[in-house]
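S.K.: My questions will all concern the structure given below.
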Amino acid sequence: MNGREKQKQKLLILYASQTGNALDAAERIAREAERRGCPVTLLSIDCFNVGSLPYEENVIFVVSTTGQGDTPDSMKAFWKFLLQRNLNQRWLEGVHYAVFGLGDSGYQKYNFVAKKLDKRLLDLGAVAIVERGLGDDQHPSGYEGALDPWMSSLWNTLSKMNPKFFPNGIDFLIPDAQLIDSPKVQITYHDVDKVHSHFSTDSDLKCIEMQIERVRSMHPGKFSRDKNRPDCFLRMVENHSLTRAGYEKNVLHIEFEVLSSAIEYEVGDIVEVLPSQSPIAIDTFIQRCNLNPESFITVHPRGVENHLPNANINDSKIPIKLKTFVELTMDVASASPRRYFFEVMRFFATAEHEKERLQYFASPEGRDDLYQYNQRERRTVLEVLEDFPSVQMPFEWLVQLVPPLKKRAYSISSSQLAHPNQLHLTVNVTPWTTPFKRKRTGLCSKWLTGLDPQQGVIIPAWFIKGSLPAPPPSLPLILIGPGTGCAPFRGFVEERAIQSRSGSIAPILFFFGCWNEDNDFLYRDFWLSHSRNGGVLSEEKGGGFYAAFSRDQPQKVYVQHKMRENSRRIWNLLCEGASIYVAGSSTKMPSDVFSCFEEIVSKENGVPRESAVRWLRALERAGRYHVEAWS
């Protein structure tokens, strides 16, 4: 057998994940391949040298679509490389590939990333092993409704291409019991008396910062190569509601003091906050899993030797208290576990009825019921463990399978010019109801709601660039921000008001929307004050503020209605070089607003709708149409 044939036995799986679903799907594909005797290399796409792609024989891509058809952050550099014009049609000749995408058919650009990746790979000379698979969040089983049949087709085609992929055939499976003995992580317990904890008594910010970095660096998920050390710490100084007391929506305005003089942010930036989990939930989880919260541990990949460093406190392998590790890295009381969690649980269930139910959940027949029980109901790890009391999973498996505690992202709703050393957020803490009528509230928003500024709680934070670049004062703006979508634009208006004191500024048209004028008109006084007496939103300055209250009259009125009423002003400003900024809910709003702009351009420019679409797409390519949406 020559070297080329040997390579063909191995699969390279590259994933690009924003929320963790693509990673979960990629890991499942890898497990199923390994169970059939096929070796696999599994990598995040940003850990792969794209220049070596032509030398790979068989590559599986698992990619999600984020926002409005955007590539995940980890895929941006890879995709930029693939778009280079100097890559010819034979660059990937000899490479076989398959693409599985994850998306939501409720969005306009459903699985856009998978579709454009598939086309680009074909254009560069690669050959598809199977037709691309498209997972859909709207399916009764989520993305797995498409993944299972797609994998079956993949194994069959690979086996026909080269039987050496699966030496014993695709129906041969390595026994689960053999695989269950091999979690991917290893935990070493250390003698408390021999461990010198640098942080046991010191509460200095630098020490807290380093502790967060080393604990989160130790987690096997590595949090998609995120920067683990916080950029700064925040301390809440004000917290008040923007909605009427007792109203079904609860939106807060929260102000923080930034505890670092070196930090700078721009309007349109995003802050990521690491939430604190409920101490009761943490203690309950630790007790339920029979863990010793005071023990000191190090966590490392299985097979990698662990040596206790004797000097460098920055080293991520310095022992950490088990309770601290759980608090900072394992989401035990808000995120739902993945399907593999249930597959592994069944091996540790001692009650027969629990084992049978878990085996059913892990089977193809039970897939839909598991999805309804778990993801649709948003059950937490702690709730699942309590539903199966006979299950005692080793801590190694819990570390591997419990969803990592993720940072929560918020659009910054202030300008640093207006508020030096401060940062403001607009936080929606409205609960929602699951299919079984259980109330749920977001982990971070609920935690922030319960904080008292007098407590002086220190909050770790990271700054990242979002999809809304800070505009220069000379750029005319058309802003559309219904609901909490107004948050970043509060910062835009604050900043331009400051800039107007020292020079000329371009006009702003702002379209805001909410349910009721009296109940959830967020920042009402702020917008109205800037729309009068020569403010930056005033007609005297060429601007305008337009509010749509959807439920104050029998007929619903949305931001699109206000845009149509002002189509001439919008078109004139676009002709003057204005940029469009859209922020808010990611369901229908962004596509509805885009359609409204199509109407306006078509009507005011006297061109067919198709020409208006092309004109707006050109605006996007020129960096003059920006969307930041969230679910």
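Using the three backbone atoms N, Cα and C, a Cβ is placed for every residue, glycine included.
For SER17, GLN18, THR19, GLY20, ASN21, ALA22, SER64, THR65, THR66, GLY67, ASP137, the entry in TrEMBL reads FMN binding site. The FAD binding site annotation in TrEMBL covers ARG378, ARG408, ALA409, TYR410, SER411, GLY442, LEU443, CYS444, SER445, TRP630. What TrEMBL records for THR484, SER550, ARG551, LYS556, VAL557, TYR558, VAL559, GLN560, ASP592 is NADP(+) binding site. Look at TrEMBL and you will find 11-155 tagged as domain 'Flavodoxin-like'. The domain 'FAD-binding FR-type' annotation in TrEMBL covers 229-476.
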S.K.: List only the single closest residue to THR19 (FMN binding site), chosen from the binding-site residues ARG378, SER411, ARG551, VAL559, ASP592 by CA-CA distance.
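M.R.: Out of the listed candidates, the nearest Cα belongs to ARG378.
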S.K.: Could you measure between LEU443 (FAD binding site) and THR484 (NADP(+) binding site) for me? Cα positions, answer in whole angstrom.
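M.R.: About 18 Å separates the two Cα atoms.
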S.K.: Please state how far apart, in Å and to a whole number, the two most distant Cα atoms are among SER17, GLN18, THR19, GLY20, ASN21, ALA22, SER64, THR65, THR66, GLY67, ASP137, the recorded FMN-binding residues.
M.R.: 15
S.K.: Distance check, please: Cα of THR484 (NADP(+) binding site) against Cα of SER445 (FAD binding site), rounded to an integer number of angstrom.
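M.R.: It is 13 Å, counting Cα to Cα.
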S.K.: Among the binding-site residues listed here (THR19, ASN21, SER64, THR66, THR484), identify the one with the smallest other-Cβ count within 10 Å.
M.R.: THR19
S.K.: List the helix, strand and coil residue totals of the domain 'Flavodoxin-like' (11-155) as derived from DSSP.
M.R.: 58 helix, 34 strand, 53 coil
S.K.: Taking the residues the record says bind FAD (ARG378, ARG408, ALA409, TYR410, SER411, GLY442, LEU443, CYS444, SER445, TRP630), how far apart in Å are the two Cα atoms that sit farthest from each other?
M.R.: 25
S.K.: I want to check the contact list for VAL557 (NADP(+) binding site): same chain, sequence separation of six or more, C-beta distance under 8 angstroms. What comes out?
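M.R.: Correct list: ALA548, PHE549, SER550.
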S.K.: If you measure every Cα to Cα distance among THR484, SER550, ARG551, LYS556, VAL557, TYR558, VAL559, GLN560, ASP592, the residues said to bind NADP(+), what is the biggest one in Å?
M.R.: 19
S.K.: Which one is it: of the binding-site residues SER411, SER445, ASP592, whose Cα lies the shortest distance from the Cα of SER17 (FMN binding site)?
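M.R.: Closest by Cα distance to SER17 (FMN binding site) among the binding-site residues SER411, SER445, ASP592: SER411.
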S.K.: Could you state the whole-number distance in Å separating the C-alpha atoms of ALA409 (FAD binding site) and ASP137 (FMN binding site)?
M.R.: 22
S.K.: Roughly how many Å separate the Cα of ARG378 (FAD binding site) from that of ASP137 (FMN binding site), to the nearest whole number?
M.R.: 14
S.K.: Tell me, how many other CB atoms lie within 10 A of the CB of ALA409 (FAD binding site), whichever protein chain they belong to?
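M.R.: Other Cβ atoms found within 10 Å: 14.
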S.K.: Considering only the binding-site residues ASN21, THR66, ASP137, SER411, SER445, which residue has the minimal Cα-Cα separation from VAL559 (NADP(+) binding site)?
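M.R.: For VAL559 (NADP(+) binding site), the spatially nearest of the binding-site residues is SER411.
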S.K.: Where's the emptiest Cβ shell within 10 Å among the binding-site residues ASP137, ASP592?
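M.R.: Least crowded of the binding-site residues ASP137, ASP592, by Cβ count within 10 Å, is ASP592.
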S.K.: I need the most crowded of these binding-site residues: SER17, SER411. Count other C-beta atoms within 10 angstroms of each C-beta and give me the top one.
M.R.: SER411
